[in-house]
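Shown next, in structure tokens, is the structure this report addresses.
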Amino acid sequence: MENPIKECKQLQPRAIFGINGKVENGVRQHPITGAAIFPLGNKIAIADLKKNTQEFVAGHTNSISCLDVSKSGKYIASGQINHMGFRGYVIVWDYETRKEIGRHDLHKVKVQAICFTAEDRFVISIGGKDDGSVIVLDMQTFSPICRQPASRAISGNALTVRPLHNNPFFFVTAGDRHLRLWSILREQKKLYVQDVQLASKSRLFYCARIDKKDEFAYLGTGTGDIIKITLNCCDKDNVTHPGSSSGILGAFGTHNPRKPMGRDCNRYVNGVRALYVLEEGRLLIGAGDGEVQLVEERTDVPLISFRDYPGPTWPYLRTVKSTRVSGRISSFVRSTPEKFYICTDTNEIYTLNIHSWVLKLLRTCHAKAVYFITFPKNYAAVFATAGHESIRIWSSSRKQELLRIMVYNFNCAAVRFSQDGTSIVSVWNDGIIRAFTPITGRLIYAIPNAHNKGCSALAVASTGRFIVTGGIEGQVRVWKIEPYRQDLVGVLKDHSGPITSLCINNLDTEVISACTDGSCVIWDINRMTRKQVVTANTQFMSVLYFPTGVQILTCGSDGRIIYWMVYNGALLRELIASKKSSVNCLSMNATGDYFVSVGSDLHVKLWDYNSGDVVGIGSEHASSVISAAYSPCGKMFVTGSTDGSLIIWDVPEDYWGSQNTGDRPTYTLPKAQPKGKVVQSRVDSGTRLKPSPGENVNDLLKATPKDDICCVECPPCGKKETKGGDIFAECKIVPDITKC
């Protein structure tokens, strides 16, 4: 009798780590619920930071490039970037129902910036460099009413748009040598515009803010100074008062009292990227190098006295407080009168109390793609991810980052925990194998020149005596790991393309390698020979051994999941996981009852291994999913995508499978008698029955306080150790992420 087809359930995420911090002014806060609203790929994420819950609003066909929330909190407006030759959509959403209520596609390729005017009357959007137009959408009819070129022929593109607080018919656009004041005539469906007089100053404007009374506007520039202008706007037909115009008051920098007159003006490095106008004339400024300053205008010197200043930027601002974050600042969000959210392009959100001036890292995620995810053996409380320039260890229960190991300018292709939990082994695209301690992140050993074109895959034996690595050049290499010594045992050559995945069987006698050349090779580790080859018309992306080691599971670019027999390489079953896109990664639970597949179609699928049915599906990712890892407990799994986001999924209770009651593996190898002086090793080679008394991943949660991240910078591998020196000093352990 055939087994009945199991019901396909909707997978629910337990926690989501993700944010697109590269969108200028992309992070917003809802004025009523206090939820953070930000873009993540082609979806809008609405996150409750208190409950640590998150949901998505989907409707865009490509990455979101701009976002705004109305003052009343009823609406959300978003614009997207599209491929060359296609239209960029502007969509208006209803916040309560999370549904679309209006859209237009009048922009070409990209929507550069978007905003609501006062009283939620209009939505103003400006196009990118391929479009260059201003479009006004009427919120009463949810349709565009007028369109006009944003800039003159002699000036550059508009980069940002900012409405006035009290008048719904006015807004300001700024950009490359571009600063204009606009008024909307709804009945005539026209726009009146007036150029702001900037005297002889020419600037690239990144951001703009207007004070609460609509009298002055402050603009951050690419040269690192602040431009202050007076608006003088009240007449809709003439934009400003008859006989008057809006003009510049000055270009301001911060005053350095230690330097003489003429050289006492400091400007911000990499430009002013974010601004916020506070009470009593104070400004919160965010620079391109991560500098955050609270400044105020000087009262000891009148502004008119700077007319004879020798430089174009006047030292009219006094620094009150200063701090620094990692990455370029892209957004300032005022959560409470005292607390601000600061978002950076490294996809991190900080909270800053402007009174006590306490900076705290609130949310983090990878800045680029997550290439690999792994759990320790029989320990589901933490997991590690590999990405651009870093290895990060996360807590499954706390839903936060615990440890970050930085290796600048290189990507970590794969990371594994040793079976006893005393080390973290990783391979990098610079061709170096690095091992770290799991609590302090100290470098234990490094194997340079492991692969001449860079490493791409890694597998660690259960005994800890050897590791297997794969390279971009197509070679599989076996390394013997001993205390204070690592040796190359053998080089296995059969592939003609990059190795994408490696997996060792449960007896540590075989390793299988998957390659983009369309072949998977089963190698005998003891004899260093090839045992079996399976081929298919695809690029294999991932390969797995069944827990008993009798079958293997592969996936590739053709969207198929294939079962193979290890004994003779026979094809047993084919499953169609995706008809249009590739399947990028597979991960199986400890008992082999269920496995998960992820692909470029943004879907996460949970499969029954025996029946081949899809029993669960999730679609919360906003970009291609390229990595996945099943937890040892079988109750959850983690997936990572190309935009740097991580999602922890709950497995439905019906699909937990038979529980794996086995404890940690005990090694029954004969214990050799030591000869001479016994030297305590830094790496457990597997010859001891008890784990080393040093660091272990089991103690990571106890050693890491809540709401704290330990960031470690890995030293260069060519650096020689000094005798008698502190072994921890070279790693530069930085408890504070802001000083990293």
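Each position is counted from 1, following the chain as shown.
Backbone N, Cα and C define each Cβ position, glycine as well.
Just so you know, TrEMBL annotations never went through curation; they're auto-generated.
If you check TrEMBL, you get these features:
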- 448-482: repeat 'WD' (REPEAT)
- 492-533: repeat 'WD' (REPEAT)
- 576-617: repeat 'WD' (REPEAT)
- 618-651: repeat 'WD' (REPEAT)
Please indicate, using numbers and ranges, the residues of the same chain that are 6 or more beyond the repeat 'WD' (576-617) and have a C-beta under 8 Å from a C-beta there.
3, 5-11, 539, 541-544, 546-548, 553-561, 623-630, 632, 634, 637, 639, 647, 649, 651-652, 655, 657-660
What are the DSSP helix, strand and coil residue counts for the repeat 'WD' (618-651)?
0 helix, 18 strand, 16 coil
When the pLDDT values for the repeat 'WD' (576-617) are averaged, what is the result?
90
